[in-house]
Amino acid sequence: MWLPQLDLMRVISAKSQGYSIATQITGPTTVNGLERGSLTVQCVYRSGWETYLKWWCRGAIWYDCKILVKTTGSEQEVKRDRVSIKDNQKNRTFTVTMEDLMKTDADTYWCGIEKTGNDLGVTVQVTIDPAPTPAPTTPTSTTFTAPVTQEETSSSPTLTGHHLDNRHKLLKLSVLLPLIFTILLLLSVATSLLAWRMMKRQQKGTAAPGGPLLCRPDPAAGRNLPAKGYHEAFLCPG
């Protein structure tokens, strides 16, 4: 792909509204892009070239530039690596998009139309600006501590090991004291019941079983009593 002397003479180096002017195709003189960003180049062609193949080429020397992407003669978008091209035949424009830009992408490029003989082309200068460096941010963490008043401090003392040990002893006493009291009460009741039973047995032993006490006359007492009108004296056991 080379441009003969006649075509070179037809390329006008003057600028009009920011575009480089050629005979059948025009494009922007320069395009700026941001590193790690993307840029878009739109080239315009005249009527009659709608179905011709359009391409995007890199390199300052016309006959030695490298075609990066090319249309298929339709309006279907074609993408290769980070570069894509799409032809709009109704508006007679084709658009080139470069993505994920790097500093090394800065160079001279060409918008071109492939045809029999010599291709048509116009140069586009692409510059890449460095991406802004974000200011380093130091991560901050916010910790909220609820204020502790003097009242809360005095009414809610910290439980140390000594306090916990005292609480453990008090818990033991609260369980043992009722148990000891219950045992003593049972022993007292049992002792009282045993004493009562012994007293009942003694009372039963002094009385004849099944009836009143039996007494016998006392002969010694009868001797000392008068002959008439006396009562006999009786001796009763116990």
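Backbone N, Cα and C define each Cβ position, glycine as well.
All annotation found in TrEMBL is predicted automatically rather than curated by experts.
Quick look at what TrEMBL lists:
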| type | residues | note |
| --- | --- | --- |
| COMPBIAS | 138-149 | compositional bias 'Low complexity' |
| COMPBIAS | 150-159 | compositional bias 'Polar residues' |
| DOMAIN | 4-129 | domain 'Ig-like' |
| REGION | 131-162 | region 'Disordered' |
| TRANSMEM | 175-196 | transmembrane segment |
Practice item. Mind tallying the domain 'Ig-like' (4-129) by DSSP state, helix then strand then coil? Key: 12 helix, 66 strand, 48 coil
Check your understanding: Residues sitting near the transmembrane segment (175-196): Cβ under 8 Å, six or more positions beyond its termini, same chain?
Key -> none
Study note, to complete from the structure: Taken over the domain 'Ig-like' (4-129), the predicted model's pLDDT averages 87
